[in-house]
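Here is what TrEMBL records for this protein:
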- Lys128: active site, charge relay system (ACT_SITE)
- Ser203: active site, charge relay system (ACT_SITE)
- Ser227: active site, acyl-ester intermediate (ACT_SITE)
- 44-61: compositional bias 'Low complexity' (COMPBIAS)
- 75-528: domain 'Amidase' (DOMAIN)
- 32-61: region 'Disordered' (REGION)
Amino acid sequence: MISTLQPPRSLSHFRSNPTLLLRYTSLKPLSSLSSQPVTHSTIPDQSQSPNPPSHSQILSTRHSLLSRHLTATQLAESFLTRLRLTEPHLRSFLHVSDSVLAQARELDEKIQRNEELGPLAGVLVAIKDNICTAEMPSTAGSRVLEGYTPPYDATAVRKIKELGGIVVGKTNLDEFGMGSTTEASAYQVTANPWDISRVPGGSSGGSAAAVSARQCMVSLGSDTGGSVRQPASFCGVVGLKPTYGRVSRFGLMAYASSLDVIGCFGTSVADAGILLHAISGHDRLDATSSKREVPDFSAQFVSMNLLESKPLKGLRIGLIRETLDDGVDTGVTSAVRTAALHLEELGCCVTEVSLPSFSLGLPAYYILASSESSSNLSRYDGVRYGNQVAADELNSQYMDSRAKGFGSEVHYVKRRILTGTYALSAGYYDAYYKRAQQVRTVIQKSFKTALDEHDILISPAAPSAAYKIGEKKNDPLAMYAGDIMTVNVNLAGLPALVLPCGFVEGGPAGLPVGLQMIGAAFDEGKLLKVAHIFEQTLQNCRFVPPLIADEVA
């Protein structure tokens, strides 16, 4: 056991609330609608269970639509109203769809005709702007793709639409996913809903902020070195990075192809898990997608009413010692150790585990990611892809198109391209790229050894809570160091989930801290089970940002 853990907070059980969605939307049930239930799909539907999991907006939406307490149009109007009110403060979105209400009305007509509904029917989903969407701009936060609208949907987006989800719009990001604050977007800077003077994290800051502020129900992001998990920590939401290969990357604009994954954001573990199930599975259009069967993640979301007093009894959890060393804020360390003690009270056996190769991950990651980005982004030359700048000869056209198209902040995209090109150049390949690949193998073996002895590993999601906008913008090394908690997971290709576990001082109502849970490859189900129980039993932590606290109260 860990003798240095702080005294636990008292625990309370959040009971399931069937009127949760009404509370979020401040709308009354429509008494004029028939109470006759509509036909629904054969996919397991926990919204109809007498003990559905708490806090799931997706299941609450389904329950409200099937019982005809609310219409899809009312739900869409409510979220769009909140989006319009909060967007001037947050700037989460680069584009908002003008067809949301039309799609909601179509869904209402299907309900009136008692037609089958998909498991995501009426769920409002935001998409990070480096994931392709037909009939909607997809810029990757870069001027080089300004005005570009793909002719197809990414596989993950297509699956969401096929299951009834409604795409609200495209969210802001650091240019091509290269950044940790969303300040590197070529279009705007997104603010954190907990304190609009602070960053939301990155690079999926827009997707995290949108979910945190309830501008949408769930969202998609991408995670190359922590770009889902770190913003989830900063914004007080759940962020889920799946195993590499679990979700198709087709339609995701490539940054570092061996590290990139599409991930999920939600206000609850259940919502993140349901969204992951919807987008997972083999895709013939992505040679790296796995053919493994996708389990029913919803089976992990058991109501508190059905849990034993020690629901996680016997589970072996390793707290990574190197993630609590110098350089981690004391408030973050305290919150994570308190979370570890919470897990002990739920029946887990928590011990510290050392990963000696942990500190090697950051330099190896930046060599590999930069090298792959220099290759992937070479296509944006104004000829094959990207906006073209007129010039007298070809080399000038290449240079001018890239100089104008890629952001002015040289330590983001341009610096990484230059670094990667250098690492791959003759005479330096063995010293940098090859050695980084060898370190990657060491890290993978280190994780395997630790996970052979533990069911899951835990750590902070970031060394600090959200910091001020502009605070680290001119210090790229300090910004890179903030990725130390997350990059190793991408190098190993493992699944990881971040959920809020406490607060530190700062802002008008404190700043959320995220706990990272890391599992074995393709073991997302175990992560979801543990995180769901943790979430439901956490006391004294209400993760609703002050920007919307009065409305959601």
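Just so you know, glycine gets a Cβ as well, placed from its N, Cα and C.
Features per TrEMBL, on structure.
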{"residue": "Lys128", "record": "active site, charge relay system", "Cβ neighbours (10 Å)": "32"}
{"residue": "Ser203", "record": "active site, charge relay system", "Cβ neighbours (10 Å)": "35"}
{"residue": "Ser227", "record": "active site, acyl-ester intermediate", "Cβ neighbours (10 Å)": "36"}
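It is 9 Å from the Cα atom of Ser203 (active site, charge relay system) to that of Lys128 (active site, charge relay system). Cα of Lys128 (active site, charge relay system) to Cα of Ser227 (active site, acyl-ester intermediate): a distance of 11 Å. Looking only at the domain 'Amidase' (75-528), the predicted model's pLDDT averages out at 95.
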